[in-house]
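Down below is the structure, laid out as structure tokens.
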Amino acid sequence: MPEATPFQVMIVDDHPLMRRGVRQLLELDPGSEVVAEAGDGASAIDLANRLDIDVILLDLNMKGMSGLDTLNALRRDGVTAQIIILTVSDASSDVFALIDAGADGYLLKDSDPEVLLEAIRAGAKGSKVFSERVNQYLREREMFGAEEDPFSVLTERELDVLHELAQGLSNKQIASVLNISEQTVKVHIRNLLRKLNVRSRVAATILFLQQRGAQ
């Protein structure tokens with residue numbers, strides 16, 4: 001009986017060391033073959049449109065084009081490969097954004113290597129694959145509905161910053177009100193924008209005001 005053809009994998013991550021580690025893990029499985037690597041979203045899109053790839057392992061937080069933007073572009077281009085997010089982020093906002101955008105799986109980089117490899121194998125066969133923490137988020141969303149509080153992923157301090165931001169205060173003014181440094185304010189704003197999956201202070205403010213008005 002002829003051996004089954006290995007499924008073709010592309011690894012997309014802006015950290016060379018991580019790409020090497022994932023490649024070494026996949027090389028333990030004769031049923032898989034890494035045929036491409038990309039260090040950024042644009043390169044991944046180019047390779048995905050030129051090569052016959054079965055599985056794309058896509059990092060979320062990359063320099064330049066984010067994993068979400070890359071995923072959206074791949075789907076717009078009609079790429080049919082199984083796209084599995086492989087990331088350190090277990091924020092529910094990231095999970096829902098990527099899955100709603102069409103990801104076929106969401107795996108965490110701190111997963112046990114054997115568990116990770118088994119999940120990738122299952123994904124190559126067409127299954128939806130998620131780490132346990134991600135499955136928990138999905139079960140909770142199904143149980144309580146998609147209209148959950150979008151701010152539940154924020155820390156108390158991030159909520160404080162967002163509240164002041166929505167009042168139109170500058171970073172310097174927020175720092176004064178909350179008695180923290182202006183640099184700390186910038187860090188909190190960057191983190192809350194990422195968690196809320198919005199790109200600007202204005203978008204975060206609009207979301208905050210809309211949600212507050214709905215309550």
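Here the Cβ of each residue, glycine as well, is placed from N, Cα and C on the backbone.
According to Swiss-Prot, the feature DNA-binding region maps to 171-190. Outside the DNA-binding region (171-190), and at least 6 residues removed from its termini, the chain residues within Cβ reach (under 8 Å) are 157-158, 160-161, 164-165, 201, 204.
Assigned with DSSP, the residues of the domain 'Response regulatory' (8-124) fall into helix, strand and coil as follows: 52 helix, 26 strand, 39 coil. The domain 'Response regulatory' annotation in Swiss-Prot covers 8-124 and rests on sequence analysis.
When the domain 'HTH luxR-type' (147-212) is classified with DSSP, helix, strand and coil residues number 50 helix, 0 strand, 16 coil. According to Swiss-Prot, the domain 'HTH luxR-type' annotation covers 147-212.
Feature annotation from Swiss-Prot assigns 4-aspartylphosphate to D59; the stated evidence is sequence analysis. For D59 (4-aspartylphosphate), other Cβ atoms within 10 Å of its Cβ number 27.
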